[in-house]
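This report concerns only the one structure given below.
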Amino acid sequence: MSNPSKVTKAEDDTQGRASVAGARKPGATFEPRIVAFLCKWCSSAGSDLAGVSRIQYSANATPITIPCSGSVSPMYILSAFNKGADGVLISGCHPGDCHYMEGNYLARRKLYLVKELLQFIGLESERFRMSWVSAAEGAKFAEVVDEFVEDLRVLGPQNRLKAKR
Amino acid sequence: MVNVEEIRDYAANLLKKGEVKSVLGFRRGSASAFAEPCTITDVGEATSLVWDPTCLNNLTLYLVKDRKQQAAAKNPDNRPVGIVAKGCDSRAIGVLLQENYFKREDVVVIGVSCEGTGVVDPRKLSAKLKGRTASRVTFGGADGINVSVYGDETETVIPAREILADRCLECRAAVPALNDVVFGEAVGAREFDEPFHAAKEAESLSADERWATWEHHFDRCLRCFACRAVCPMCYCPECVVDSTTFVVTLGTSAEEKANRIRWCERSANTSESAVYHLTRTIHLAGRCIDCGECERVCPVNIPLRLLNTKLEKEAFEMFEYQAGHDIEQASLLSSFRDEDPNSFIR
Ligand code: SF4
Ligand code: SF4
């Protein structure tokens, strides 16, 4: 992988488990787990750029590359929370820059409704986030993730929608 | 006032002229005062049609069922169907037309006005009657519903606001806009609750309070799927939350099972029911016309309407979109405007 700061799946898994276990142990610091759905045309490349530019940022986000922010089904988000994500980030191209012309506009409308609905049932509003990050905005990507991690640290682990298995 | 004889004559005429193969309407139920849905195919049966505040059901569901039946039939009967529709029901037909579920010429909409009130909520009515059973419920003008009970045939006027279904209290258009004929006066202004009243009230609680409420509700959900079964918009042959076509047999390999996406488990626990309900709500965004059927049929009284109206409110306020109002319009989630909210995105 060309991105040194991007964690591999295996590393991330151990880290995630450690963080879940850590959250239960008093005194241990809580490492939030973020599932980040990144558009392959922009934000995914933006995260790569953050990596190759050797920007230091939190390694708490598990990136999942998707073809377009418009392709995000609300089920991805619900499923991520169900499986224990502390936060979900969706990142796509700036308005006007969509590779498919209007995917991000459709995403914006759809995800606005998802955000409102999640808040309505009482999920903390900080847990679901959307950003526009272009392929040239490595620094912005790092900033978005860092900010998200900080906010989630304050909130603590997400237990409301997490499956109690 | 709607003269029920006119509805009967109209339905009989449609059948006589062969313009429709059947008429979906309401008839007197066999128990208590509540009407039940019926399908009439003979001219003579038209006399059994009724229209009063106990005609709760959204009959559009049966249009959808008929479509499904004809699609599976060897010799499909594709003649049009007549349907008695209230304001909300006509909007449901509107959404289905918008989605090309059937064509305008496949349905004859016999619109009925709600006379400035609406339909009653059976739970509110029985609480009001303190255990007695209503024998007759009729419209009583702008703000009353006439009710008489078994053993005492004197009619009492109950203020409409006390026994009307929640959705009727908030209804913005109690007259079917989409119709072939309308019976009764179009009473526009209604002085009950403001639109989205209940959703706004729920919004005003804190996040913790809201979660406490919904956790309780999700926990109680039996996952009987009655809410899905009664909704005319939930017409998918297979629902994303519980696959019915993926059959696990001895021959199903572990890989096939593993690769099959299961968005949520079928077990009725809080987290899985949360996924079900949120999915259901989002799949009905811009499609739910607030007929309140889902909430009415829920055996454990989960306030499902709140979830749906929350998104209906957002669609109305942020996107100026109203489900079922314009059949030419692009659907809520397949359209956008430049001025859609953007400030929540970083
Ligand atoms: S979700 Fe409920 S209120 Fe909305 S259309 Fe379906 S049954 Fe009617
Ligand atoms: S009808 Fe009520 S109990 Fe049944 S699945 Fe729907 S919400 Fe759950």
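Positions of Cβ are set from backbone N, Cα and C atoms, glycine also.
Listed in TrEMBL:
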| type | residues | note |
| --- | --- | --- |
| DOMAIN | B:212-242 | domain '4Fe-4S ferredoxin-type' |
| DOMAIN | B:279-309 | domain '4Fe-4S ferredoxin-type' |
Sequence-remote partners of the domain '4Fe-4S ferredoxin-type' (B:279-309) [C-beta within less than 8 Å, at least six residues beyond its ends]:
56-58, 60-61, 88-89, 91-92, 94-95, 99, 121-123, 165-167, 170-171, 196, 198-199, 202, 217, 220-222, 224, 226-234, 240-241, 263-264, 315, 321, 323-324, 331-333
DSSP residue counts for the domain '4Fe-4S ferredoxin-type' (B:279-309), split into helix, strand and coil:
16 helix, 0 strand, 15 coil
State the mean pLDDT for the domain '4Fe-4S ferredoxin-type' (B:212-242).
94
What does the DSSP secondary structure composition of the domain '4Fe-4S ferredoxin-type' (B:212-242) look like, as residue counts for helix, strand and coil?
14 helix, 2 strand, 15 coil
